[in-house]
2 protein chains.
Amino acid sequence: MTLTLDSIQSFHAPRRVLMGPGPSDMHPRVLTALGQPVIGHLDPAFAGMMEELKLLLRYAFQTENALTFPVSGPGSVGMETCFVNLVEPGDKVIVCRNGVFGGRMIENVERCGGVAVVVEDAWGEAVDPQKLEDALKAHPDAKVVAFVQAETSTGALSDAQTLIEIAHRHGCLSIVDAVTSLGGNPLRVDAWGADAVYSGSQKCLSCTPGLSPVTFGERALERLKNRKQKVQSWFMDLNLVLGYWDAAKRTYHHTAPINSLYALHESLLMLKEEGLEQAWARHQRHHLALRAGLEALGLGFVVKEEARLPQLNAVHVPAGIDEALVRRRLLEQFNLEIGAGLGPLAGKIWRFGLMGHSCREENVLLCLDALARTLAEQGHPADGAKSLQAARAAYAVPNA
Amino acid sequence: MTLTLDSIQSFHAPRRVLMGPGPSDMHPRVLTALGQPVIGHLDPAFAGMMEELKLLLRYAFQTENALTFPVSGPGSVGMETCFVNLVEPGDKVIVCRNGVFGGRMIENVERCGGVAVVVEDAWGEAVDPQKLEDALKAHPDAKVVAFVQAETSTGALSDAQTLIEIAHRHGCLSIVDAVTSLGGNPLRVDAWGADAVYSGSQKCLSCTPGLSPVTFGERALERLKNRKQKVQSWFMDLNLVLGYWDAAKRTYHHTAPINSLYALHESLLMLKEEGLEQAWARHQRHHLALRAGLEALGLGFVVKEEARLPQLNAVHVPAGIDEALVRRRLLEQFNLEIGAGLGPLAGKIWRFGLMGHSCREENVLLCLDALARTLAEQGHPADGAKSLQAARAAYAVPNA
């Protein structure tokens, strides 16, 4: 049926359970905050809310960095903001690639006129610190090291603290992709000395998609101040953005996404109420239960145990199973969204997200039950009862 | 009092009436759409909604352009998207400047490595077509003409149709800023042959801020295809964005701002229900009433009659009046937001917006009454009764 203008009606969103790579389920409190009437971006009430929001973001990032704010765009704009401000034409940047987002970083470096030196690790593996060390020895003129702490495309966690330490030892700034890690697993910007970090609103913060929290430390600001050329993007130029988010100046720069910022304020407040370390522990606890249940279904993890992200569980699709059909059935029959593989892993893996508000027991149990039934439909010997039992046993372990 | 983390509570937005330069009041239907649960950006339900949204946007822009979609960022990102895709290093671009946003265009040209030739008109005046003609004769190697149809900083409307015609006659593409015009006054992308147009969600569409509807015609796509260099922005590269918004491809590019797009769908549907020409007429009708009331208060317009935007009414602040105090009193006593002047007009003018859902009789009358009382407080001889009478008389004119 051809779509016509006159046939269009109000859109009613279906009720899903989001256990893919993000967005994650938004808590009713956050949805309520989002739907409040809009006010002006220069309204004193908005300015006060933003000061609180910056404080809450500093807590989430564990930083005292003054320049900590949400970029008015999705995570890719946060990423590009880091690169266009810190990379100048001719600059050599070491990019660690072990999934989709490292590849995107290379694109960013090159479009800034920089030279990307790529440290490759297999998809599904953590970044190897020794390879970074070797690359920096081979390229003593490198100025920046960029890597992804939590690779959403594979579920691999890299050792951010060590990678930052190596970068600094070789006189490089660090750019850290924390899109999926913020709020889900330990990230300590100040203790680790990360120089520029960007994240996303729709992963472990369970806020509406479209905002990218970022934070920049002193060394990054120093680099920015000493640039020879103007930042190539007007919108992302931190020199201009600074005047906007600085409470003392508040120069007009652009109209902020007011409603989305209401929502981010509320989701960060909920994170603070729970406590950051408690949130990290919660992600780990439900991950262990989901893992027990998935393994009881005979599914093997892509990432080895020591580098597994609790909030993104990638497993191999069993032989003979139509992976796209399974995802479609889960969505249609159970309103359950899980993620597919990307790039070289397309068609080969599923990605189960346990992010933010999506990360709770009822979702783990729903997911295991729905998956077992769907696999059984396709003739895969999946024992749903055993899977649920394994998950419940994991939950029963004290302090797990 | 110093703000501390522990003192932060849920934010409750005050209820304002927004009669500044945007954002405008969001209709309850649009707020309700916004607050629906989030779904995945690859969900078939979301994909279906987006196809409808693109159709609705084509209606609003009056175009059949296939590449018509909302950029996931505010109007400044829409602007930058036009420039980074259509301007290459060394390209000469004629920028018509008659306010803030023309100045921002110059910044964009230069950051793309282009050469900006500026056609200047005074703030508050429309772009002079003869000056553009002269500039194009003096610069036959120019490749692009860029101008603002509705200058939000002054309230001046330029003759987009004529300016586009001149650009084409000299072999140039046209980039049109329609941030404040879309939905508020006539804009006919196909009939006028505009090549690249960007707008904003929070003006006459009365949607949540943070989205920038854009449309690109065949000539613009041709220029894009024949670029010698990669687009300098990864996020804004239309070659990549194309694969995302194309229903047949739907390649992962970024996580769309799902909830905001629900809201845009609803606000565009409301525009379609009202009818585009009816919406233009509504803006004109309320403008005439507001104008009658403002003039009865002794306030003079910045822009001469033939170039006045109905949706943005800029008036001179009377001598002896503390303009910032008036705005503060309006906000505190009446929850009414109006706009201040920018740049050379800072401190000298007020800007009264009548955009989208904010553009209705009750707001016009509230505004005139509140303004009269506030001016009287400051000793200005403002006759509120006469002002309201003038507005009501304007409303009484048939077909006005």
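Glycine too: its Cβ is placed from the backbone N, Cα and C atoms.
Here TrEMBL flags A:R351 as substrate binding site. Counted within 10 Å of its Cβ, the other Cβ atoms near A:R351 (substrate binding site) come to 23, all protein chains included.
Per TrEMBL, domain 'Aminotransferase class V' is recorded for A:45-341.
Other Cβ atoms within 10 Å of the Cβ of A:K203 (N6-(pyridoxal phosphate)lysine), summed over all protein chains shown, number 30. If you look up TrEMBL, you'll see A:K203 marked as N6-(pyridoxal phosphate)lysine.
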Exercise for the section: Express the distance between the Cα positions of A:R351 (substrate binding site) and A:K203 (N6-(pyridoxal phosphate)lysine) as a whole number of Å. Expected result: 14
Fill in the blank from the handout: On the domain 'Aminotransferase class V' (A:45-341), the mean of the pLDDT values is 96
